[in-house]
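Data block below; observations after.
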Amino acid sequence: MLTFVGLGLYDAGDISVKGLEAVRASDAVFLEYYTSRLMGTTIEDLVRAYGKEVIVLARADVEQHPEPILDAAAAGDVVVLTGGDPMVSTTHMDLRLRAAARGIPTGIIHGASIQTAVCGLTGLQNYRFGKSCSVPFPQKNWFPLTPYEVVRQNLAADLHTLVYLDIQQDRYMRVGEAIDLLEEMAVRVGGSITTYIGVARAGSVSPVVRAGTADHLRGIDFGGPLHVLIVPATLHPVEQEYLEVFAGLSV
């Protein structure tokens, strides 16, 4: 059997009781650690906390060469650990489909996701979010405008946008960098963004949540990763009050 277990948002303590039971009862534990990471812990901490050896997967291990995972799941009970909630990533959906194609039973044990955590941290109503997008680090001769197009379409529909920030092997995009990139995108297509909300280290005991203009947020030290960004649409009075109280929004 192949069971996907969400680890939650920040550290080894975020796993559910049900998830921990599945890990400890398994024959093999794999960790997919490139679509999201827990910044409040280390792999060594996970091994100690869960009492099991953990095999760390590279992107190619999941997307191109998943046979060792599937072979192990065909022979016994295998757990694949993921940051956040497992099926938010299409990578995990594909692996589950591959398992089903081989007749391997699968299951999901959910974990806390940034998609819902931002609602509690910012007070934005969850049903008012549109399509999310990701801002990548630009490369030579490559500066995609798609993230801003998603934001613009959502704003036109009066919907908030959750913006994921790029994660690389040794580099994590920060709120200020993402704002600079979105502002450049907006200039190139003749648009603008009035308000941003930056969130850092959701799930930790000291998350940072700040709302305001691009210039205001550029001057704030959000601290260590992971960071995400929200571009809000028109605010409901309760949303606005929440942001004023808990994110320092000035009106």
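Backbone N, Cα and C define each Cβ position, glycine as well.
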Candidates H65, H227, the one Swiss-Prot lists with L9, D85, V88, S113, I114, L165, A202 as binding S-adenosyl-L-methionine: H227
Cβ neighbour count within 10 Å of L9 (S-adenosyl-L-methionine binding site): 25
Residues satisfying Cβ distance under 8 Å from A202 (S-adenosyl-L-methionine binding site), sequence separation of at least 6: L9, Y10, I114, A117, V118, L121, L226, V228
Around the Cβ of V88 (S-adenosyl-L-methionine binding site), the count of other Cβ atoms that are within 10 Å: 20
